[in-house]
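Report on the structure given below.
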């Protein structure tokens, strides 16, 4: 196993022409952009510092119109219309990594004290060209116009505005039950193969598509919140829950002749996570959703989405014991061993085990883990929760049966971003769980079998390179011998349009890097316009096919590409004018059973 180092920034280039030859990197334009201070010093200052104190200087959200704040001397002011346009772009494209308050997490902090030192030209170049460490090349990819890039560089120099709270009153006002439980079917009324159905996020359309995993037919397109982040299944497999980044939750009854939303609610202004109770005897009883803003989670009735319990996550950072005003709720999973929800609180570095047996006397186990917790998943036994503290480059392991911290391990890479991770049996190490990274090209394996392979348990056993930095998801299946790794956010079109495939049976564990095969997914899709990015492999129920989204601009052609897992050859391309910005895909059976 080789030690991996993060992507180093190349030296300054003399001209924009040379920058275009060598690739669309933000640093390529630094000298031409003439930042107001030495770039190396500027970058050092731009890093998130562990001793930052958090001031409650709050920000606004995409849907709300606000008056532009006054600009300090020397910084151009924005009109109200310009400020609202920039605000909308920020919360649609940037807040997920940089935070509602711009305090940073997966991405660097973008508070005015930092951005004003960097200066307009530096910000303009970085937004335009991106970096291999996971910052998209918004300008050169065409996703933002030159005018929008300039607008965003100016916007980041200004103080943020304050967003409103969102409590029980607002939730209940948004809550709607379209079909009461007693009026719903008592058995499945359609002939769909629900277990092999895919829920596909149509990000910028504010919709999901339900697609038959056998025939590839788009069975239905349903309106949802904006930019659905995830789809989750009830334990019974009947109800599909989706949550948009705008905090809207839709509960869809798949038993209806034409599946439709039977209940909905808005749980905040910015959100990412939803889950349902899975413990035996508690199946489908509750749903839980977590918000980025306000920082809180809400437990809801599992049949109606009626909000029952709201808990704020504001509080003290676990290690510094300093107050944080924006500890966002990231991944939420349901325990298979206890009637508990597992809740990641990003900025404070705490994992909450929330006992849902008695909401009036709520019991919560608070585990000190590591800051900047993001996503993660269960090991193959479903007992251990493995999650990434991505800005700290760590993996945290929780024993969900015993309810305690097991291990914290450095991955050796930069900014792990596993999605739910990938479980497989390594020929040498035994059962492992894998993560890829946003900030470099590495894949890390951690041992997950404390009984059968105790010497390997909870240790980083191997690290090896894939296609490049900017990976968002890694995927395999119990019936597959292959491990698929995307590089969605890489600024190089050839890399972001491909995936790396590793043969897990050929891995040796002798310190040599396993070879991978590159699948040109975007090329197979036959899309000639834009910079289509390939994102998130998702298997069908049987593990014989893996689907990839070919994600393009809202007004450009996108597609879904289906790969034969045995031959690694193209099997099918799904194209339809309704497939607008497809991103996440969730197979009903695999999602319901936590198979990954």
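Placed from the backbone N, Cα and C atoms, the Cβ positions cover glycine too.
Database features, via Swiss-Prot:
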- 46, 94, 97, 98, 108, 122: heme c binding site (BINDING)
- 77-162: domain 'Cytochrome c' (DOMAIN)
- 30-76: region 'N-terminal tail' (REGION)
- 163-596: region 'D1-heme domain' (REGION)
- 1-29: signal peptide (SIGNAL)
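Everything Swiss-Prot records as a feature, shown here on the structure.
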| residue | record | Cβ contacts under 8 Å, 6 or more apart |
| --- | --- | --- |
| 94 | heme c binding site | 107, 110, 152 |
| 97 | heme c binding site | 105, 106, 107, 134 |
| 98 | heme c binding site | 104, 105, 106, 107, 108, 109, 110 |
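Here the domain 'Cytochrome c' (77-162) has, by DSSP, the following mix of helix, strand and coil residues: 45 helix, 0 strand, 41 coil. In this structure, of the binding-site residues 108, 122, the smallest number of CB atoms within 10 A of the CB marks 108. Each residue in the domain 'Cytochrome c' (77-162) has a pLDDT score, and their mean in this model is 88.
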